[in-house]
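Remarks on the structure that follows.
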Amino acid sequence: MQTETDFDDTIVAQATPPGRGGVGIVRVSGKACKEVAEKLLGHCPKPRKAEYLPFYDLQEQLLDEGIALFFPGPNSFTGEDVLELQGHGGPVIIDMIIRAILEIPGIRPARPGEFSERAFLNDKLDLTQAEAIADLIDTNSEQAAKAALQSLKGEFSHKIDQLVDAVIHLRIYVEAAIDFPDEEIDFLSDGKVSGDLAEIIDQLFHIEQEAKQGTLMREGMRIVIAGRPNAGKSSLLNALAGRESAIVTEIAGTTRDVLREHIQIDSMPLHIIDTAGLRESPDHVEKIGIERAWDEIRQADRVLFMVDSQETSAIHPDDIWPEFFAQLPEDMPYTVIRNKVDLSEEPTGIDEHNNIPVIHLSAKTGHGIELLREHLKHCVGYSATSEGSFMARRRHLEALAKAKVHLLQGLEQLEANMAGEILAEELRLTQQHLNEITGEFTSDDLLGQIFGSFCIGK
């Protein structure tokens, strides 16, 4: 995290990826930009006008020639004076230019993400927009890129700002009621407070669901394959991975440990996890594998519950294995996979029973695997035609979850006790957690972690 002294420094870094290329860009930000331009270029270019110029070192030796651009603050990316030198992309040339700039007093190399950090500190970006820059650079799918662009445009920030405004207005109303104790109960019981609070909770819930999808697009969905031994879990892992990742035999209990495969479906990242078959076992090693299987199941974003279609015709989970589903976390999404349809002669397909997706397939022959792939894409939030939702991170989900807890506690106090002061405090804490998302209220340590993960030059 920057200190006040650091913030006064002028910083320099290569803005293009390291290595050889047709063009290499050196970016400078800070009050010494004009001095850099005068010493390396002979004069400072006109604002926002590209000039083709020779680049010199401080001994007036020619280093390169290329395009120079000057953006005076505050009308620049960082909000400070910014100078960009676009020369040839050889690493030696770029290094010579940067070394020449660093000879000027008051200039130092930029830390990772420091240009974006200065943009945030100068109110050119909020925190979600700054994070979207890093996400856009790191993205590996068109859908994720669209989502990152939506965040960069301020889509996520706008939703949070609207929610914060609603919390502030309700908080003002509640605190006004507290200031008039003789009428406080009338204020709190007139239906406006409870109605507005319920609307805010509903709004937060929808944002939270959208943020979860944005997180899955960024980080990838954790898919855990679970079921009884010999249901075909390892065969399904191999079919999705497109290779023989897991050993497959007719012997029940072959898989005793957790197996992981990182795959992409139309560039959407998925983490597929194969687990030991779930059963009572006297074998100590197999017991450990089963315990690990349950650990993975509890951390999953979605569970694929494998069923041997030869053994049961049941469709509903409670009819297949009620004890297993009783142990699943209450909000855990899952899909029932009826495997081995090549042997049971069930038709391949996908349907729903009581809002539970059921896929009929054969992991061994591959029939129905494409249906499963499409289903998983849908679960992640993939759409070939949409402009994408916004991108989100785990810290955003944590902040939203904390905000939701305080809202629900406030509602409980309102309904049970008409406790205006407690409700006002819960609304204050809600506002604080929401502001952490956009950076209105954020600790220096968190900012250091966020911007430290950026690449240098951004």
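Just so you know, glycine gets a Cβ as well, placed from its N, Cα and C.
Taken from Swiss-Prot, the feature (6S)-5-formyl-5,6,7,8-tetrahydrofolate binding site covers R27, E84, K124, K458, and the record attributes it to sequence analysis. Under the heading GTP binding site, Swiss-Prot lists 230-235, 249-255, 274-277, citing sequence analysis as support. Residues annotated as K(+) binding site in Swiss-Prot: N230, T249, I251, T254. Annotated Mg(2+) binding site per Swiss-Prot: S234, T255, in sequence order. According to Swiss-Prot, the feature domain 'TrmE-type G' maps to 220-381.
Mapped onto this structure are the features recorded in Swiss-Prot.
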| residue | record | CB count, 10 Å |
| --- | --- | --- |
| R27 | (6S)-5-formyl-5,6,7,8-tetrahydrofolate binding site | 23 |
| E84 | (6S)-5-formyl-5,6,7,8-tetrahydrofolate binding site | 21 |
| K124 | (6S)-5-formyl-5,6,7,8-tetrahydrofolate binding site | 19 |
| N230 | GTP binding site | 22 |
| K233 | GTP binding site | 32 |
| S234 | Mg(2+) binding site | 24 |
| A276 | GTP binding site | 27 |
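Rounded to a whole number, the distance between the Cα atoms of R27 ((6S)-5-formyl-5,6,7,8-tetrahydrofolate binding site) and N230 (GTP binding site) is 59 Å. Secondary structure at K124 ((6S)-5-formyl-5,6,7,8-tetrahydrofolate binding site), as computed by DSSP, is coil. DSSP gives A276 (GTP binding site) a coil state; it is part of no helix or strand. Cα-Cα distances to A276 (GTP binding site) place S234 within 10 Å, out of the binding-site residues R27, E84, K124, S234. Reduced to three states, the DSSP call for N230 (GTP binding site) is coil.
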